Amino acid sequence: MATISSSPRTVEEIFKDYSARRSGIVRALTYDVDEFYSTCDPEKENLCLYGHPNETWEVTLPAEEVPPELPEPALGINFARDGMHRRDWLSLIAVHTDSWLLAVAFYFGARLNRNERKRLFSLINELPTVFEVVTERKPIKEKSNIDGGNKSKNSTKRSSDGQVKSNPRAYDESYVEDEDEHGETLCGSCGGNYSGDEFWIGCDICERWYHGKCVKITPAKAESIKQYKCPSCSTKKARP
């Protein structure tokens, strides 16, 4: 069963716990994969793969107590072993294990505030997932749309000729640590405050910012707009 060496409370402590459990899981599915494979005997009862805070792994029966001390990983991973290609089976376990690792981290992080939870996920997101490690996929890192202290939220995209050019200032950056920096930005439609977990788009004429939902613009639709004009600017141009 999942164990707690000490109760992690801060973002750094929870991330350290996550990293240690992840290291144990990665070892089981890579360096110790032959041992792990043989341990998952389909003839045995429901087995689970656990990662522990001391960077070790264990295949054992699930916790008996209800509710368990911590969220539990996928049950019965051994039953599908001989019915799938080995690589596919390992990939499936990796996906379920990624979900479990996140569940444990945010179980510990339930008492964190909003910004702390964002920071925790940002730290976790910097690491490759277990699935990416097992399948040897390299995570794609995206460049931030925020340029230091500049309040401008410009986005760029490639045109058909392959050149990078400035586009409507669509903004969909969900994890910005310095959210207070943009707190004075108000939606030109509803007057609501800026929030990093919502999609915003800026008018290229008046330079006001709007909730995408207020002007009925989705992130996908914004990608196809070369120059965005807010409803107010569009109306002004239409007048004789």
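Positions of Cβ are set from backbone N, Cα and C atoms, glycine also.
Remember, it's a predicted structure, so these values are computed and weren't measured experimentally.
Pulled from TrEMBL:
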TRANSMEM  89-110  transmembrane segment
REGION    142-175  region 'Disordered'
DOMAIN    184-236  domain 'PHD-type'
Determine how many residues of the domain 'PHD-type' (184-236) DSSP places in helix, in strand and in coil.
10 helix, 9 strand, 34 coil
What mean pLDDT does the predicted model reach across the domain 'PHD-type' (184-236)?
82
